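Colleague: This structure is in structure tokens; I'll ask about it shortly.
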């Protein structure tokens, strides 16, 4: 039992003002955790994690503007290109299987180093591919990177930020993913697919350079018993003159209490107290994927053309919409909270999927030939905009709801199940849209509605609380 330790984290009050001069950075204590305004190192660390999120988006968005040219240059059939596009999800499944264990064993920074080697190698294989198998191998390597970075980036950012900016900073990850998508859509409309693959290596090269200047996650350092490095990392992130004693003590106390009753095995994640968080995160990921995320992201250009809209006009407009909604979500997440944005996002995904399906339905029966492209454009733009608004929430909640001793196991499990459903949609979409172009989007809409119901009934609000407070409350409620 760790009741005393967790209760002290939940109900500890007081504090006071810390040093108000920190090279222009104000610092104060809220409860037991030192809360500071954003320091240069915190901003840089977030940017470095965001670089790999941008690369994630590049990998996902690559197939949309390049489909026709790759098929023509390499003589690929629809089935072969569908394999190329969907093999990203196969790599994602492999990455998901090891994501938690790898980041827990090697640390967040070393894992980033390794991922960048896979990332750069994957793009080079695609850029210089002369045969389909090398193209697929490169895509597989990118998928493996995505399978790990999709978990790693939000977890790292959540572990280095304070409660007052955690949501805002974590929401940068889906924003960067969508900027990567948009970048591929726009640039891919103008350059050859091999050149686009070479350009896509830039985020990985940039991150490799900047990794020298950022600290390891303080919570991971506490987990492996490197207390001196923990304090140094916190001081780096909060500012040299910040009082980090309370925050360091809280992190160490909580990690110590976890070790006293958990051996950190894979089966620990199936304890009663973690059933609800597992159902929430797994459910959100599965329903989001079955709601058509990969279909919209991988084949946006095809959807535009099928609905009678210029691919160029559609993809450029889509990039602008994603940027606006992403910035809006980043601004609002710590003000409104997680639940309101998730509800708006899932409701918007449901309506926009239905609207896209309606456009194909009208087109099929020639009931409103002038209006159906407008419905398709509106539906697709709205879908991707709403996706940006809520895309990062499942992994943000994963990083918030699960303590450090089971976070790796939870991440691997949730990531794996999410990628399995993503693979199914990515591979079969080209065949399903030929089978019933309207019906498949109506099915997507139904899954998005189910996600809305899940959010409304089960997702807790976590804004304004430290990770230790959130996780201690879960432990305490199960005792």
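All positions are counted from 1 along the displayed chain.
Backbone N, Cα and C define each Cβ position, glycine as well.
All annotation found in TrEMBL is predicted automatically rather than curated by experts.
Because the structure is a prediction, the values reported are computed rather than measured.
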Colleague: Look up transmembrane segment in TrEMBL and report which of 169-187, 226-244 it refers to.
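Modeller: It is 169-187 that TrEMBL annotates as transmembrane segment.
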Colleague: Checking feature assignment: transmembrane segment per TrEMBL, candidates 11-31, 137-157. Which range matches?
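Modeller: My reading of TrEMBL: the transmembrane segment range is 137-157.
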Colleague: Verify whether three or more Cβ pairs under 8 angstroms connect the transmembrane segment (410-429) with the transmembrane segment (137-157), leaving out any pair fewer than 6 apart in sequence.
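Modeller: As far as Cβ distances go (cut-off 8 Å, pairs 6 or more apart), the transmembrane segment (137-157) and the transmembrane segment (410-429) touch.
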Colleague: By a Cβ-Cβ criterion of under 8 Å, what residues six or more beyond either terminus of the transmembrane segment (278-297) are in contact with it?
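Modeller: Here the qualifying positions are 60-61, 64, 86, 89, 181, 269-270, 303, 349-350, 353, 380, 383-384, 387, 390-391, 393-395, 397-398, 401, 410, 413-415, 417-418, 421-422, 424-426, 429, 440-441, 444-445, 447-448, 450-451, 454-455, 458-460.
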Colleague: Give me the stretch from 74-98, 169-187, 193-214, 341-362, 374-398 with the greatest number of Cβ pairs under 8 Å to the transmembrane segment (410-429).
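Modeller: The stretch with the most contacts is 74-98.
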Colleague: Restricting to the domain 'Major facilitator superfamily (MFS) profile' (38-463), what is the model's mean pLDDT?
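Modeller: Summing pLDDT over the domain 'Major facilitator superfamily (MFS) profile' (38-463) and dividing by its length gives 85.
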Colleague: Do the transmembrane segment (435-459) and the transmembrane segment (193-214) share at least 3 Cβ pairs closer than 8 Å, excluding pairs fewer than 6 residues apart in sequence?
Modeller: no
Colleague: Would you call the transmembrane segment (341-362) and the transmembrane segment (374-398) in contact, using three or more Cβ pairs under 8 Å, pairs 6 or more apart in sequence?
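Modeller: Answer yes: the transmembrane segment (341-362) meets the transmembrane segment (374-398) with 3 or more Cβ pairs below 8 Å.
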